[in-house]
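A.B. asks: Encoded as structure tokens, here's the structure I'll be asking about.
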Amino acid sequence: MECPHLSSSVCIAPDSAKFPNGSPSSWCCSVCRSNKSPWVCLTCSSVHCGRYVNGHAKKHYEDAQVPLTNHKKSEKQDKVQHTVCMDCSSYSTYCYRCDDFVVNDTKLGLVQKVREHLQNLENSAFTADRHKKRKLLENSTLNSKLLKVNGSTTAICATGLRNLGNTCFMNAILQSLSNIEQFCCYFKELPAVELRNGKTAGRRTYHTRSQGDNNVSLVEEFRKTLCALWQGSQTAFSPESLFYVVWKIMPNFRGYQQQDAHEFMRYLLDHLHLELQGGFNGVSRSAILQENSTLSASNKCCINGASTVVTAIFGGILQNEVNCLICGTESRKFDPFLDLSLDIPSQFRSKRSKNQENGPVCSLRDCLRSFTDLEELDETELYMCHKCKKKQKSTKKFWIQKLPKVLCLHLKRFHWTAYLRNKVDTYVEFPLRGLDMKCYLLEPENSGPESCLYDLAAVVVHHGSGVGSGHYTAYATHEGRWFHFNDSTVTLTDEETVVKAKAYILFYVEHQAKAGSDKL
């Protein structure tokens, strides 16, 4: 939408000396001194925290709108001020009076000039920080923010994601996907979306919400988020633009209540796939995939039509084999999948900790075996036998016909019992390297010795007792180091800590792909 309040609210000089010193993304709220989600008022240049922190930016606007009850309003007094502010991290502009993000500018282009000035300040601060880190590397090998890896000292550059109000489910999935190298690199190399019409023609889009409902691009906001996560210019990134697009195209996730991370991941991958099928930023899907010449036709597993990078990387194929127990008729069906949902076998569900000594520990192999074992269907799942011409008792078995490049395994920790959805808090042992999937293949003899091996890339963990509550974090490996992602906080961790986690979603990367022999 075009905001009608810019002319009266945007009064600040683009290069105003009133701006604080340092990096805009780390400016502190003038009230609570928090450096999370800073917003600058475009009327007076004061900095306040966003509504997801302590809401002082909104209170600044509200305090400025106290009506003049004892005086007749002049035309000047009637003008609305302090209504427009700019996010110091994403440079998106918001009007509290319109209660919406802003796409237009003043006649003199002041909004764009302020945006460019903030970018220059950010770049200058980043350059200064790089010089400082270089000096630290030269003068000292012991620094709290430096790590010794393979004999050389390197700086930690991982970026956290700010929690916008129970959005840890989204943050954990985004951090996990950002560490799937093939997947992440593909999106980061896509061209940026630009507006090509109206007053903002030729200008970069900073907030998808400004483009209107018909132009929101999940791919573009996902791309921008991935680019921000590993550039190292800030400690935490605010994914508000992506969150808004998620609200627009995935109504199930509207609001600020806790959501299921696995459900969000499936919706996200499905919608990325559908948007890429339709082409992106004027580049057809086929042209994008054609650039990645190492993707063979056999790897482009199709789900709902033509293949995209989503199905090329996460797509596998299951064979569902059903046998009638009365006449012996066999039915086979091939189903594509992006992830496998595994039950935790019932005999392990009372075992909550790895350190408990009563009975064997549940392993990921136990869950996979339960998924692929021959199963007799109960009375509520009778099979319609075409030979018997009626529903009959039957058995079912899954085989994996084709393994994906990235194997995503979801442990079904939430189950309905009566009217409640309870959590299975059992510890499940999982390997960091060398997960062998050969014994679950339909034709294992046709697979190579290395093609069935997988190494762990990321783990999503749910902390708490219920799907509608608790908290999500993620562990992921990047360049040989393991990180723990807890919203805006990123810390280095070790393999021993990772393997003790009660995994909810596991991302395994094909062994050859991770070794770098197969580049997307």
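In case you wondered, yes, glycine gets a Cβ from its N, Cα and C as well.
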A.B. asks: Swiss-Prot has C41, C44, H60 binding Zn(2+) 3. Which one of H5, H82 is in the same site?
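C.D. replies: So, going by the record in Swiss-Prot, that would be H82.
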A.B. asks: Rounded to the nearest angstrom, how far is the Cα of H471 (active site, proton acceptor) from the Cα of C29 (Zn(2+) 2 binding site)?
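C.D. replies: Spelling it out, the Cα of C29 (Zn(2+) 2 binding site) and the Cα of H471 (active site, proton acceptor) are 26 Å apart.
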A.B. asks: Where's the emptiest Cβ shell within 10 Å among the recorded positions H56, H60, H82, H471?
C.D. replies: H471
A.B. asks: DSSP secondary structure for H82 (Zn(2+) 3 binding site), reduced to helix/strand/coil, please.
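C.D. replies: The three-state answer is coil.
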A.B. asks: Could you name the residues, excluding C41, C44, H60, H82, of the same chain that surround the Zn(2+) 3 site, i.e. Cβ within 8 Å of the Cβ centre of those residues, in sequence order?
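C.D. replies: The surrounding set, listed in chain order, is L42, T43, S46, H48, Y61, A64, Q81, C85.
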A.B. asks: How many Å separate the Cα atoms of H82 (Zn(2+) 3 binding site) and H56 (Zn(2+) 2 binding site)?
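C.D. replies: Each residue's Cα considered, H82 (Zn(2+) 3 binding site) and H56 (Zn(2+) 2 binding site) end up 13 Å apart.
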